[in-house]
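Read through the structure below, which is laid out as structure tokens, and then see the notes.
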């Protein structure tokens with residue numbers, strides 16, 4: 001089954017060479033990319049400037 | 001009378017002194033230490049046979065790097081099986097019904113397997129979080145799912161042991177209370193309840209041993225992935 005030697009017969013080109021679901025390094029890169037994206041989304045919403053509600057004088 | 005049903009799970013104290021340390025360490029006196037004799041007595045031979053056989057079983061699927069875990073896995077098995085079996089005696093406190101103990105065992109050991117994996121083979125350890133051959137659109141979803149399932153492992157280990165033992169003990173107490181109360185009112189039903197209690201006790205003996213084994217087996221499985 002998928003041991004440490006699995007996925008050695010694939011020869012990808014372009015983006016798939018680094019991000020694929022077959023080679024161990026491809027899978028690792030996909031995992032890291034997912035974590036980085038999630039971190040990016042979290043940081044984006046955390047650092048987004050909050051809209052101040054306009055204070056209406058009565 | 002819900003209060004009295006859970007009294008059996010209270011940590012034992014005597015005149016204000018907590019006895020949990022004694023409950024955890026006293027079972028050790030049941031295991032004689034090996035002698036320098038060539039042929040030992042029956043108990044020692046049985047003990048040595050069990051330890052050797054179990055260690056051989058648990059270490060067979062592990063690679064060489066995992067063999068240094070032999071001592072901790074076997075001693076954990078002996079510890080858990082002793083605590084579980086002794087807890088089946090009436091009025092005996094079972095430490096493994098306490099979630100704090102089981103999580104304290106599960107969490108550090110699981111964390112150790114994860115850190116060993118990340119330290120020695122980070123690519124493989126991270127790559128395992130994505131199953132091979134996943135269709136591209138499903139990749140982020142599956143990474144998140146696999147991460148959650150990884151993080152939930154220590155919780156599952158601890159809660160599994162706690163829940164199994166607590167539920168078993170509670171059921172035995174309920175059934176025995178029912179049998180006792182019914183004895184004066186409906187003896188025939190009380191006999192049936194007693195038969196049920198007997199079968200339940202047999203089940204609990206099996207569960208006590210199996211749950212200890214499952215705990216250690218799953219830990220060795222997590223180790224296999226990472227070592």
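Cβ coordinates are placed from backbone N, Cα and C, and glycine is handled just like the others.
Those TrEMBL annotations? Automatic predictions, nothing curated.
Listed ranges B:119-137, B:138-156; the one TrEMBL annotates as transmembrane segment is B:138-156. Annotated by TrEMBL as transmembrane segment, the relevant range among B:39-61, B:177-199 is B:177-199.
Proximity of the transmembrane segment (B:205-223) to the transmembrane segment (B:12-31) is not established, fewer than 3 Cβ-Cβ distances being under 8 Å for residue pairs spaced 6 or more apart.
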